[in-house]
Amino acid sequence: MVHFTAEEKAAVTSLWSKMNVEETGGEALGRLLVVYPWTQRFFDSFGNLSSPSAILGNPKVKAHGKKVLTSFGDAIKNMDNLKITFAKLSELHCDKLHVDPENFKLLGNVMVIILATHFGKEFTPEVQAAWQKLVSAVAIALAHKYH
């Protein structure tokens, strides 16, 4: 289990409270699909993913990105209990969707990049360290059910 200090929790929740989940979620998933094109195979039902502009403008990418980031909000509310928080999602992604758990790490790294671009000077090294710790812990929690 990962332990978050009060300062780390404050750094994470401070930025989270300013985030537009719908916009940022679509941007995060879209960037993942553009930068790591092999991840697109998990989204065959999303239609046109043929170019960066098609991906970033795709309403299904935006909707699923919002869903992903909304569940990230659950992580922020339950930072001390991530494995339990993500147990069902881990099982779904492992047993039914067969998502490579490495993709969770990639998405976490994309999240950090997006936070840096959105928050600029507010995204200090200390804030980045707290977010890196969180996205890594979420990736581990999501990979928990994998054998």
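Just so you know, glycine gets a Cβ as well, placed from its N, Cα and C.
Residues or ranges marked as heme b binding site in Swiss-Prot (evidence: sequence analysis): H64, H93. Per Swiss-Prot, the feature domain 'Globin' maps to 3-147; the stated evidence is sequence analysis. As annotated by Swiss-Prot, phosphoserine applies to S14, S51, with the evidence given as similarity to another entry.
Positions of Swiss-Prot features highlighted on the structure.
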residue : record              : DSSP class
S14     : phosphoserine       : helix
S51     : phosphoserine       : coil
H64     : heme b binding site : helix
For the modified residues S14, S51, which one has its C-beta crowded by the most other C-beta atoms within 10 angstroms?
S14
Cα separation, S14 (phosphoserine) to H64 (heme b binding site) (Å, whole number):
24
Could you state the CA-to-CA distance between S14 (phosphoserine) and S51 (phosphoserine) to the nearest Å?
34
Once the chains shown are all counted, how many other Cβ atoms turn up within 10 Å of the Cβ of H64 (heme b binding site)?
18
